[in-house]
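Here is the structure we will look at, set down as structure tokens.
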Amino acid sequence: MINRKSFDDQIKLDHNITYLSGSDEAGRGCLAGPLVVASVILKPDYFNPLIKDSKKLNPKTRQVLFDEIIKNCLDYQIMIISSKQVDELNPLQASLLGFKTTISNLKITPDLALIDGNQNINLENIKTLSIIKGDDNSFSIACSSILAKVTRDKILDQYDQIYPNYGFKSHKGYCTKKHLLAIQKYGVLDIHRKSYKPIKKISKETS
């Protein structure tokens, strides 16, 4: 079992730092809905072994942990990037904008910002370190992944109320067979990402 807290503590020792932040996103590969980015600085003594990559937790557990993380952090920031913005920027640039914005807006400036993924991100006056599979290895990143996913899932649940024929509550905007069939039957919505190939294809076929 990976001790994500030990991973973060070792990084603090190696870099001789006090404040470490973690950042992750949710929804980058989705066909519909926003991309959500979260950054968090945790209290130094906070740890919960249940916390791991948000995708590996059930919704009820994620919500409980979301509330717990909020209570046990020094600060957190969440940015919601609309599907239109994702189309305008492209998914990668939208993610990078979210990381830069949420990290920069933390009330406590981190000595080092851990970011999930493999992209180098340059921030003025803040050192960053990208961690591949960061939500599996870093406690701070795992916490940020929960903040991002719970926030995004709530938005998709609201979309499910507005657009009941699309099944957003179950697939959360991802490219599933059920989702594609609904788009083919009921049409492309404003919340769909028009630059994504499956949406482009359906739009072309139905135009």
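Each residue, glycine too, has its Cβ placed from N, Cα and C.
Predicted, not measured: the structure shown is a model, and the values here were computed from it.
Feature annotations, reproduced from Swiss-Prot:
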{"type": "DOMAIN", "residues": "18-207", "note": "domain 'RNase H type-2'"}
{"type": "BINDING", "residues": "ASP24, GLU25, ASP116", "note": "divalent metal cation binding site"}
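Confidence across the domain 'RNase H type-2' (18-207), taken as the mean pLDDT and rounded to a whole number, stands at 96. Taking the mean position of the Cβ atoms of ASP24, GLU25, ASP116 as the divalent metal cation site, the remaining same-chain residues with a Cβ inside 8 Å of that point are SER23, ALA26, VAL37, ALA38, SER95, PHE99, ILE115, GLY117, GLY134, ASP135, ILE141, SER144, SER145, ALA148. Take the binding-site residues ASP24, ASP116: by the count of other Cβ atoms within 10 Å of each Cβ, the lowest one is ASP116. According to DSSP, ASP24 (divalent metal cation binding site) is assigned to a strand segment. Spatially close to GLU25 (divalent metal cation binding site) yet at least six residues away along the chain are LEU35, VAL36, VAL37, ALA38, SER95, GLY98, PHE99, ASP116, ALA148, judged by Cβ distances under 8 angstroms.
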